[in-house]
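As structure tokens, the structure follows; a few thoughts come after it.
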């Protein structure tokens, strides 16, 4: 106890030294810097941002979120930023479908992000993030749609017997789009129950048509960017939607549906089959939000007549601006929020990670916890991303092309035009806008 | 400064107001007018200098999609304004009869106006959803309807659904203005009409209504400007679809400007929409002056 004053003095001295000396030693590499970012907002995406304080603590920098909006709103805002030339932020949320529009403001990430970091990601997703040799975005998570089905409808003995009697085959989740149509009509008992549904407006229907077109062996453009979607494969694809709509196998409001309507419709238990995004998987199996929780099945997206599967896909991602005053700090932040831990945080919430190591680790966790549903979901979506995924053409005019196509698709679906007329008219509009944009010089 | 001194004092006093209006209103207007003669695209800012003269307008006037949207906007304006006027008048007459709790009724009457049009759009979109919407649910469960009615798809029904949302949101504007007119109305002419043996309908038709007409036209002018730029509700409920069946000038223009980034073309379209609104405003102002002149002649 004699040493007590000495120990007390030593402690006091150490505390003083720590107070005076340590801040300099602890200061992070970007101490005092404020990183301005524009991020996608929404319930699904914001949990990731809870890791931001960790990066701030590690680096000494501050992250200032100057905008937090849905992707479509953010897209409009970014276009206005480009127009006004006011790009006073360093990092922004991007998307494969939109990235080509922002080429003039986006930095090539290859010199900023080490190759061994990039190699952790799915090669196909990295390829889809690269335009004219420049890596413009690092993907955060990927979306591809797969076929959810209502097990109650498929396990019902009466349905099984009726299907066998009618078609001579056992009732099982469909493998082809022809089978989807056949089963959708079989299940439909409007207005109480529908065979399937589809998003019928905006880019959603263009995308659905596009993936059906590819599955049937068609393409949107030839190599000179002349529209070719008004081909026999295009007519066959559009007829699929027209036929199901006319037959009453899909809800009458489908031409006005987008993702929320589809998600809520399938969760209400009134639809047998639903081609939908991975982000809905947890929602469908949650008793608080879904009447079919515990009865959700999932299979790969069906094949078209060419034997290819449907696979329109895109990734949510982050990009760094050309005008960024501290690209190193921005790249550091980007690598932090697309790193393994950050991707695991999103994967546990059902979002498909773009890093292969996170995909494998998430699957291992689900298996260890005996979460068979999420295991099945991840296996199905991972296979789809690996083998079937493709993006729309990575050109700045994509949104405009889509806006020229979808109103014409709707005209065929609601019966105002034949499929051939509608596709020919859409092709004329697309050709005119591509000509305006200088593709045929 | 010499030039300023030469101006009469009233002009010098008004000058700051003119400068503010010039900066806040005239400059953006002139700028957007200029861009309507260019091939300006938001994502290619340099195109703002690419003057194409009347190309955007020629393209616009040759587009059947635009003319359909134009016609539909005129029809929407006409239907919505007239129905709002009728419902607003009915509401105002009913509330005017109430002697107790009128203040509370007036407040309740104004509730729909307090909702943002975006929120109203979402509410009506979900109410009219053919599969999970409450309207079809009620029709199917209480009234034995066996079909899912496509409220937001079939062209007449979609027009009706949008009109319902717009009318619900804004009928109160008419009701409040007409109620103010009823409350300000002198009672002598009405009593004289009763003494002369007029029926209630005759008193309303020949005394109350002429007195209310200036209020009707003021409300019409205000609402025609609002409905003429109807966007939020239509954007949320149908986004102009399906198949362009509910496309109005502003949904078409917003898509061209902000989604397709073709701001020059969108501004050309906007100028046509502005001219349409001006035409409606001029029409209602003329009607307003005529109705005021009629009242003055009656007084004289």
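Every residue, even glycine, has its Cβ placed from backbone N, Cα and C.
Residues annotated as transmembrane segment in TrEMBL: B:12-34 (among others). Here the transmembrane segment (B:12-34) has Cβ contacts under 8 Å with residues 4, 267, 270-271 of the same chain, all six or more residues outside its ends.
Feature annotation from TrEMBL assigns domain 'ABC transmembrane type-1' to B:70-284.
Taken from TrEMBL, the feature transmembrane segment covers B:74-95 (among others).
Sequence annotations record features per position, and here TrEMBL assigns transmembrane segment to B:107-128 (among others). Long-range neighbours of the transmembrane segment (B:107-128) within the same chain, counting only residues 6 or more positions beyond its ends whose Cβ lies under 8 Å from a Cβ of the stretch, are 91, 95, 134-135, 151-152, 161, 164-165, 168-173, 175-176, 232-237.
The transmembrane segment annotation in TrEMBL covers B:157-182 (among others).
Beyond the ends of the transmembrane segment (B:203-222), by six or more residues, the same chain brings 81, 85, 88-89, 173-174, 177-178, 180-182, 185, 189-190, 193-194, 280-281, 284-285, 287-288, 291-292, 294-295, 298 to within a C-beta distance below 8 angstroms of the stretch. Positions annotated as transmembrane segment by TrEMBL: B:203-222 (among others).
Sequence-remote contacts of a segment are chain residues at least 6 beyond its ends whose Cβ falls under 8 Å from one of its Cβ atoms, and for the transmembrane segment (B:268-285) they are 32-33, 36, 56-57, 60, 66, 70, 73-74, 77, 217, 220-221, 224-225, 228-229, 249-250, 252-253, 256-257. Marked as transmembrane segment by TrEMBL: B:268-285 (among others).
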